[in-house]
Amino acid sequence: MASFLYFILPALGGYTLMSLYLLKNPQILHKKKRAAFHCTHISHRGGKEGTVEGCGSNLGTGMLELDCHLTRDGHVVVSHDENLLRQTGHDVTISSLNLEDLPLYKDRLEVTFNAGHYSTGTDRKFTLLEEVFRKFPKMPVNIEIKEDNSLLMEKASNMVKQYDREDLTVWATVDCTIMKKCRRSNSTMPYSFSMRRGLQLLLLYYSGLLPFVPLGESFLQFYLPRIINRTYIPEERLLKNSMVIYLIEKLTMRKSLFKHLANRGIQVHLFVCNEDPDIEAAFEAGATGVMTDYPTLLTDYLHRHRSQD
């Protein structure tokens, strides 16, 4: 036993020191990713549930975050939900309707990540992804695909190619299987961590293996835990437990992890920050970018703090 410890302890010590050194100096093993853009200001759901009006109001926005679904007649529509009950008051799905039959948004729509607050606007029509690409040809767009629909992925990919914006459009989804299909549809687009890959990332980080492992992803997007049960009220019972949220925050909000990723050219976006203290907390945690439902709020925050630097 003593001889075993004689060999294993120095080996573990050497491994730990090497891992810590490479965590701070990832360029030794990995070439830094060179993205076509770097954004600190991301508009969640386009800033107003993805309507053209909402997207058009995003002065200062560096990226639009959008969810896409496919209508029955094959149009790629920007909408967070597939079922439109929350957004329109009609219990129907986008996939069951033709484009011309989609209902209008409600006059007042509660902001999911700012409980008790509502957004309003004159533009209540659903937006086509193609309209976004036409109106914002140079704006980076994060496309989240929620459903395992190969036709949707193919149409979105073809549209990205048509408008020559493969370096400006990001694949995003929480589902690992869907992400693999998105990448098969278009492997030249940058992509973000899925849920499973995010968990693997944490395991690699805490085991000390992360500095040695290549990463294909260019973006990590994750909740800022402190908003949960305050500005964002989750439906999941588990997330209503304050101890669970405390543990999630302690495990995930690791500045050394975020700095390592940033040094490898992987952008870290925390969401959804709709108040100044949350924006400040996200950047303090090491985020390279912040996602918000209120683009003007984030723009004002960034202007104030840049003028102070």
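Cβ from N, Cα, C; glycine included.
Bear in mind that TrEMBL entries carry predicted annotations, made automatically and left uncurated.
Annotation source TrEMBL lists transmembrane segment at 6-23 (among others). Residues 29, 208-212, 256, 260 of the same chain sit 6 or more residues outside the transmembrane segment (6-23) yet have a Cβ under 8 Å from a Cβ within it.
The feature domain 'GP-PDE' is assigned by TrEMBL to 28-302.
Among the features that TrEMBL reports, transmembrane segment is placed at 203-224 (among others).
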- Task: Determine the mean pLDDT over the domain 'GP-PDE' (28-302), rounding to the nearest whole number.
- Result: 94
- Near the transmembrane segment (203-224) in space but 6 or more residues beyond its ends, with Cβ under 8 Å, are 15-16, 19-20, 22-23, 26, 29-30, 33, 35, 142, 170, 172, 190-193, 197, 232, 252-254, 257-258, 260-261, 264-273, 278, 281-282, 285, 287, 291
